[in-house]
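Visitor: Pasting in a structure now, in structure tokens, and then I'll have a few things to ask.
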Amino acid sequence: MSRHSQDERLGLPQPPALLPLLLLLLAVAVPLSQAGVYYATAYWMPTEKTIQVKNVLDRKGDAYGFYNNSVKTTGWGILEIKAGYGSQSLSNEIIMFAAGFLEGYLTAPHMDDHFTNLYPQLIKKRSMLNKVQDFLTKQDQWTRENIKYYKSDPFWRHADYVMAQMDGLFAGATKRAVLEGKKPMTLFQIQFLNAIGDLLDLIPSLSPTKNSSLKFFKRWDMGHCSALIKVLPGFENIFFAHSSWYTYAAMLRIYKHWDFNIVDKDTSSSRLSFSSYPGFLESLDDFYLLSSGLVLLQTTNSVYNKTLLQHVVPQSLLAWQRVRVASMMANNGKQWAEVFSKYNSGTYNNQYMVLDLKKVNLNHSLDEGTLYIVEQIPTYVEYSEQTAVLRRGYWPSYNIPFHEKVYNWSGYPILVKKLGLDYSYDLASRAKIFRRDQGKVTDMESMKYIMRYNNYKQDPYSKGDPCNTVCCREDLNSHSPSPGGCYDTKVADIYLASKYKAYAISGPTVQGGLPVFHWSRFNKTLHEGMPEAYNFDFITMKPIL
């Protein structure tokens, strides 16, 4: 780090002066009393090959942005970063490093909280920690070796951008911790956070059990979610939304807007807005609005055929890395699927919905290529063009594989035989609820409503179970309540997406008079940095820099 005058020495990020603060608050619609907006600019020092940070918003800097720490008042932090638009010309790798550095610097305290909260949810034994650490170390090494070896390959070049961003994230978080006299996070902890989704399959693959009971698994513990794409009858508009399900320990949230000036003939998207978490260089949910005109949604498919998990090896790219590379490179759904399919790790096995808004002609047609469905299991990725289904009105997604081969190989037919039709694609409770209620979606408010829907006491399809519905509340389970379920919803349409805008709400649903979730009922579950109660409204997410 180069030495500068006393005035320029790196301090902690400070709240901004009142005028820019007011401008920010006007743009993000947060009352002044709730403000905790911090901004900073990162400068690449080419001689020293380091980053210097100043607590100013300088458009000539190599990366600049702000973090609105409004988690306690809206349920969301908001991060916006622009990189590569400064006065000096930088390589794409340095731009990505600077962007990662600034994010780490601005959000390090919440990154630390998020790791604290999630670690005990995933790691129950020290022996498992060692196995996970060993796997992630080997996987990281394999990835970096390939990046070096295949320098001229566009795929690996983009993998390099993602890894440079992660290296920056680590360096920036370290800088902030040192300044505050705190113990910095390790690189493994950063890798662990980014691989949370992958760990949901990696951990079972590292600890094969002889007879895992099918009856007592929780619906939310594998990161299950609900998603819906809805087209109005005359193609007047297209809505899309996602509600995340996982442990409530993951409810420390950041909505992110990134705009990176990456100059590469093989890059289709370097600007994106997405729902995320502290320290994550991916959405995890997934809910992405990309500058290529693609929208990406995802729900998780459990793999009940445990023999498939034997094929998980570190010589592969994790799902979060492949999602980032595919989302940067692809200009359409088919390309996205092709890129994503490479070096499949068989971890975080999901259904991805890739919606191409460039193919949507409102009031006229949904052209071929509007919707691609991509599904992954270990050793296999299947994708298909499914616009014909969407033309009939909607595409629902609810944690059961669509493609027959993926469904069969994952072990669902056996599950249906043992546990009934709730695990079939056509007759799962959410399949029935979406089929019944999607026709009521006519505008943004009704789309929000269906995605927060939980009427488990009266709805015959829920059978009295607070998780047999669109927005699960396992904490309301009368037999064995636990702090998990559906804890957010993000909604947008074609008009909002063109401006990188969306509406987002954080916390378990209270629709129809359901009780507000309070952490006091589940104090043994770590929830550092979170509000005690979750009773927030939808807020508008939009970039303002």
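Note: Cβ is positioned from N, Cα and C throughout, glycine not excepted.
Note that the structure is a prediction, hence the values are computed from the model and not measured.
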Visitor: Going by Swiss-Prot, tell me which one of Cys225, Cys486 is disulfide-bonded to Cys471.
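Guide: Record-based pairing for Cys471: Cys486.
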Visitor: In whole Å, how far does the CA atom of Asn363 (N-linked glycosylation site) lie from that of Cys471 (disulfide bond)?
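Guide: Each residue's Cα considered, Asn363 (N-linked glycosylation site) and Cys471 (disulfide bond) end up 31 Å apart.
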Visitor: Using a 10 Å cut-off between Cα atoms, which of these recorded positions sit near Cys472 (disulfide bond): Asn68, Asn305, Asn408, Cys486?
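Guide: The recorded positions passing the 10 Å Cα test are Cys486.
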Visitor: Hey, what's the Cβ neighbour count for Cys472 (disulfide bond) at 10 Å?
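Guide: Its Cβ shell of radius 10 Å holds 30 other Cβ atoms.
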Visitor: Suppose we draw a 10 Å sphere around the Cβ of Asn305 (N-linked glycosylation site). How many other Cβ atoms does it contain, all chains included?
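Guide: Around Asn305 (N-linked glycosylation site), other Cβ atoms within 10 Å: 16.
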Visitor: Ten-angstrom check, please: count other Cβ atoms within 10 Å of the Cβ of Asn363 (N-linked glycosylation site), all chains counted.
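Guide: If we count other Cβ atoms within 10 Å of Asn363 (N-linked glycosylation site), we arrive at 9.
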Visitor: Among the recorded positions Asn68, Asn305, Cys467, Cys471, Asn523, which ones place their C-alpha within 10 angstroms of the C-alpha of Asn408 (N-linked glycosylation site)?
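Guide: Qualifying among Asn68, Asn305, Cys467, Cys471, Asn523: Asn305.
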Visitor: Give me the CA-CA distance between Asn523 (N-linked glycosylation site) and Cys486 (disulfide bond), in Å, as a whole number.
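Guide: Answer for this pair: 19 Å between alpha carbons.
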